[in-house]
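Peer 1: Not my notes, these are from TrEMBL:
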REGION    1-20  region 'Disordered'
TRANSMEM  32-54  transmembrane segment
TRANSMEM  60-79  transmembrane segment
TRANSMEM  86-102  transmembrane segment
TRANSMEM  108-129  transmembrane segment
TRANSMEM  136-156  transmembrane segment
TRANSMEM  176-204  transmembrane segment
TRANSMEM  224-243  transmembrane segment
TRANSMEM  263-288  transmembrane segment
TRANSMEM  295-314  transmembrane segment
Amino acid sequence: MTTSAGSGTKPDVLRGAPAGGRRRRVAPAARYIIPLVVGLAAILLADAMGRSLANQGTELLLLALLALSWNVIGGYGGLFSLGHQVFVGVGGYALIVILSHTDLPLPLVLITAALLSALTGVVLGYPMLRLRGPYFAIGTLGVALAVLAWMLNWPFTKASQSYPLPMSDSLGFTELFQLTVAIAVLALLAITALVSSPLGLRLVALRDDEFGAASLGVRRVRTLLPVWAVSGFLAGLVGALFALQQGSLTPTSAFSIQFVLDAIVVCVIGGVGTLYGPLIGAVVVFALRQYTADFGEWAMLIEALVVILVVRLAPEGLWGIFGRLIRALRRGRPAGAVPQKEGTS
């Protein structure tokens, strides 16, 4: 039961109980089982895919994983980050540097690269998370541009030259697709657990009403910093997988602002602050780019028009439209399916 702040008891949403009573389950078993089944099926069917289809599947999953990582802090946290490409670049370069100087197994290198991105998020996030609104957005963009300028002049990473991946550590198209599927599924499950945890509920409370949440004991930086680190960890995995796919990196490719722009577009189309919106948005954006690949400069205009239409007609995104349809179908079910009160015929 939710009580007022003056009673000394925190509301259910901050204690970790689902808002609206026990009848609602924040994370039903289906949210975990379905991604596992779909991911396992994709991995098993990967051998039957051709080289081109496997490569396209990897690109689609990287786009979805990138959007998921941004949505953690941008959707659920309400922080409009324009510097997410820093995490992508750190993860990509960390993977190539570690593989070039050590004999560590690839899974351990992937985790290490992602952890370095998360650590970067902690270091940068502690001062940046004290900023709000447009100041946070401009601050993250400024940091990203500064990091890019530094990387262009750092001899350790070959400055502006291409840094190749060791040939012995390269993966085939099928193996890379299977690895990306496994990581994407695990990332989705982790985000599912995060948003329904007490930390995730405090995060949403902070986003929806910062002053109200603060009056109930929710601290801004303490809540946002671990979520920012998780977002950086996932983006670092994107960078590491991107390096494996490309075979080499340059500062302009690894720290490109296109990464964060893609993430924002995907989330806006699919649904910002929703669990499956980034996945739907990634499919739509990827398919749109495939069909307009031969349109030249018109392709960018078409994509911009799609974004404008979604913002105008469905500001909650495509996943929000799907949710409204489901609710409408439930309200419009036959009267016989609705329980009747006692004493009525």
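Every residue gets a Cβ built from N, Cα and C, even glycine.
Heads up, TrEMBL stuff is auto-annotated, nobody curated it.
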Peer 1: Going through 60-79, 176-204, 224-243 one by one, which has the most CB pairs that fall under 8 Å from the transmembrane segment (108-129)?
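Peer 2: If we count Cβ pairs closer than 8 Å to the transmembrane segment (108-129), 224-243 scores highest.
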Peer 1: How about long-range neighbours of the transmembrane segment (263-288): same chain, 6 or more residues beyond its ends, C-beta under 8 Å?
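Peer 2: Contacts of the transmembrane segment (263-288) (Cβ under 8 Å, skipping residues fewer than 6 from its ends): 31, 56, 59-60, 63-64, 66-71, 74-76, 78, 84, 188, 191-192, 195, 207, 302-303, 306-307, 310-311, 316-320, 322.
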Peer 1: Determine which residues of the chain contact the transmembrane segment (176-204) at the Cβ level, with the cut-off under 8 Å and only residues 6 or more beyond its ends counted.
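Peer 2: 13-16, 18, 26-27, 31-32, 35-36, 38-39, 42-43, 46, 49, 54-55, 57-58, 61-62, 64-65, 68-69, 71-72, 76-77, 110, 213, 218, 223-224, 226-227, 230, 234, 237, 241, 244-245, 275, 279.
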Peer 1: Quick test of the contact rule: Cβ under 8 Å, at least six residues beyond the ends. What residues does that give for the transmembrane segment (136-156)?
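Peer 2: 79-86, 89, 93, 97, 124, 128-129, 251-252, 254-255, 257, 260.
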